[in-house]
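**Q** Okay, handing you the structure first.
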């Protein structure tokens, strides 16, 4: 079991309110991603759940039990840190066995569980090494192994992949998703990378300045962002925002259109000149300067041979325009 | 590209470095030499000292007149004892200051260090009276207490800087893994800080071994360490260079040997965290 409920949770550091009253329910077995720009309070929120920070007010329930003031070790949660936080003076075996040792497990039980975790994570041949002798990806797997052996109610991941190179990040991302499929344990994952959020999450929680902007499945957030912040944060490259006269024509303060929803066509409504063309092979991203509107990013097929200085005309796809009012709220 | 250094330049700099090193070491070397001379030869001009006969007379005489073994053991007990007591107090204190600092932690550290800026003689009279009234004069226990307290600020400061180098996330990981405070300090913090703790221990033993003010003021015979043993060869009977030198050599030899064998550990500890 691993249902976690936050009710009116706040966190105040001195005079600074990092988390204003916040309510959230994470269901058993869900893969929930907290995403937001740096300093948005997502890591603080995770640390509140872990018990590494004290909540200023409000309640944290884990499987219905009040855990607000419980010590980290008593919450039945396991955490994987950004820096891996392995014990450098212990072998991989001892690192993974440490939580079992603290729980008073017998040596036989420790060995059995450590070897089982090592098999799942392909670490069997590294058990006698020290963390310093491992690569970044292997260290991350040891950190995950240390979390698995506790059989926690939920796993907490604090930006676990940000110290890895891009290729390894993709592999580890898939490994963590696979782990979730196999264990079916609740996972809470903090990242500032919206690609990680989109690819891994059952449910994304978008945070900004300690407030929840929107909660939903990745595609819900992509299709129906409730405000400018979510619209700008989810999707890559990010959504184009148009203000002024063009927005007024559509009865809104800001008009949003995603780069993939703009087509290069003959006689479209928006005329412009290509500034930068980024050729990625499969796709090409164009930065088009449109008269009276400003710069728009357009995603076109990689086959389209457009270059700096070419004149193009653009048309938004039907029904793919997002409208926002003066407060940044989406207009249905 | 590395800088090019000519052979001559390298030679000059090397010679200069050796010269400075020799200059610093010279007083110790001279004491060792004088210890092996007769009292009459020891006060001759330097060159004459070097060419005069070598003898062990001073060592024999010092052995006969004083109880070296007693002073040696007192030095060992006072320096090691005060260091262990200081570490037992300083490890939890430095843990608290490094990992759960409060608003006043920095001030507290400065205040502790400031007590080292006060001249010890300023509190000599009250300290002496307290020692007298509590019957602690010339007792090892009393002196272990004093040496612990005078070195405690330095021990806490050193450990604090070492502990600051240990990432807090590792201790948080231990907490998540179910370690209580005792297990956290015992299984995670202390093993990780071993180089720092070892060099703190060594440095503090050296400081306590050589501490001369309080050991001379508060002891006479029973608890007197080697500093008192050296001092007994200076003023009361006029100066006897050869015997004084022999006594000094015997007093510094143990700590010199300890320092020699642990120099790698000492240097590593003192530069701990300087290069990431």
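Cβ coordinates come from backbone N, Cα and C, glycine included.
Note that the coordinates shown come from a computational prediction; the quantities given were computed from them, not determined experimentally.
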**Q** From the ranges B:184-209, B:210-235, grab the one TrEMBL calls transmembrane segment.
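**A** Of the candidate stretches, TrEMBL labels B:184-209 as transmembrane segment.
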**Q** If TrEMBL is the reference, give me the range from B:42-63, B:240-261 marked as transmembrane segment.
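**A** Spelled out, TrEMBL records transmembrane segment over residues B:240-261, not the other listed ranges.
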**Q** Are there 3 or more C-beta pairs under 8 Å linking the transmembrane segment (B:141-163) with the transmembrane segment (B:12-36), counting only pairs at least 6 apart in sequence?
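**A** Counting Cβ pairs under 8 Å (6 or more apart in sequence), the transmembrane segment (B:12-36) does not reach the transmembrane segment (B:141-163), since there are fewer than 3.
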